[in-house]
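Enquirer: Sharing the record's features from TrEMBL:
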type	residues	note
DOMAIN	4-183	domain 'Formyl transferase N-terminal'
BINDING	Gly13, Ser14, Asn15	N(1)-(5-phospho-beta-D-ribosyl)glycinamide binding site
BINDING	Arg66, Asn108	(6R)-10-formyltetrahydrofolate binding site
ACT_SITE	His110	active site, proton donor
SITE	Asp146	site 'Raises pKa of active site His'
Amino acid sequence: MSARVAILISGSGSNMVALAESMAGDHPARPVLVVSNRPEAGGLAKARDLGIATAVVDHRPFGTDRAAFEAALTEQLEAHRPDILCLAGFMRVLTPAFTSRWAGRMLNIHPSLLPKYPGLDTHARAIAAGDTEAGCTVHEVTAELDGGPILGQARVPVLPGDTPEALAARILPWEHRLYPAVLRRFAEDDRRPVFLP
Ligand code: GRF
């Protein structure tokens, strides 16, 4: 039986597309839902084009009531009975109640070499610190923001004169290789980390 994967997005969905397209043939998992907290997320149309069910749970009407937002999100998720959740450019911080409910079944991709630079503006911070290397990380999601067990990393050089945009553009293609590679192992219950290149 294939593992059922729900992908949570907030934006353009390029990682979602990489994950969805990788789940073909003998892959041990299948995408069953793409859900966004932003109705205008570009990734929703891409998911529909790939024939994947989509849903929107707009966080804005819930204001600061995260529990109510997550209850609505969980209702959408449960309707598709996912085994694994993949956060792919999902920009809502999840509460400990939600992360513990999906403990051991939820992954996230973060555009830095964790534990360096959890949170936002990762590329600008790496450049400002004078780092010579940067990259991306796939980790299990826990209550600690960007702090769960690391399942994979990809490294790229930081080049002289790099802007955050240039560095982000150099890292994104590696995100699209790393996340599918980690998901395949995760769906096979293989917790050996993936290191690229
Ligand atoms: C990616 O760089 C990801 O690491 C970060 O947000 C960006 C989202 O890209 N969390 P996309 O929506 O998958 O294209």
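Backbone N, Cα and C define each Cβ position, glycine as well.
Automated prediction, rather than curation, is the source of TrEMBL annotations.
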Enquirer: List nothing but the one residue from Ser14, Asn15 whose Cβ has the fewest other Cβ atoms within 10 Å; the candidates are the binding-site residues.
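Expert: Counting other Cβ atoms within 10 Å of each of the binding-site residues Ser14, Asn15 gives the minimum at Ser14.
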Enquirer: Using a Cβ cut-off under 8 Å and a sequence separation of 6 or more, which residues in the same chain sit near Gly13 (N(1)-(5-phospho-beta-D-ribosyl)glycinamide binding site)?
Expert: Val34, Ala41, Gly42, Gly43, Leu44, Lys46, Ala47, Ala88, Gly89
Enquirer: Cα within 10 Å of Asp146 (site 'Raises pKa of active site His'): which of the recorded positions Ser14, Asn15, Asn108, His110 qualify?
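Expert: Asn108, His110, listed in sequence order.
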Enquirer: Residues other than Gly13, Ser14, Asn15 within 8 Å, Cβ to Cβ centroid, of the N(1)-(5-phospho-beta-D-ribosyl)glycinamide site?
Expert: Ile9, Gly11, Ser12, Met16, Val17, Ala18, Leu19, Gly43, Lys46, Ala88, Gly89, His176
Enquirer: Measuring Cα to Cα, how many Å separate Ser14 (N(1)-(5-phospho-beta-D-ribosyl)glycinamide binding site) from Arg66 ((6R)-10-formyltetrahydrofolate binding site)?
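Expert: Taking the Cα atoms only, Ser14 (N(1)-(5-phospho-beta-D-ribosyl)glycinamide binding site) lies 26 Å from Arg66 ((6R)-10-formyltetrahydrofolate binding site).
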Enquirer: My understanding is the cutoff is Cβ-Cβ under 8 Å with a sequence separation of 6 or more in the same chain; which residues meet that for Arg66 ((6R)-10-formyltetrahydrofolate binding site)?
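Expert: Counting only residues 6 or more apart in sequence, the Cβ neighbours of Arg66 ((6R)-10-formyltetrahydrofolate binding site) under 8 Å are Thr95.
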Enquirer: Averaged across the domain 'Formyl transferase N-terminal' (4-183), what pLDDT does the model get? Just tell me the whole number, please.
Expert: 98
Enquirer: Under 6 Å from ligand 1 by Cβ, which binding-site residues from Gly13, Arg66, Asn108?
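Expert: What lies within reach of ligand 1, judged by Cβ under 6 Å, is Gly13.
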Enquirer: Once near-sequence residues are set aside, which residues in the chain of His110 (active site, proton donor), 6 or more away, have Cβ atoms under 8 Å from its Cβ?
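Expert: Result: Pro118, Thr122, Cys136, Thr137, Val138, His139, Asp146.
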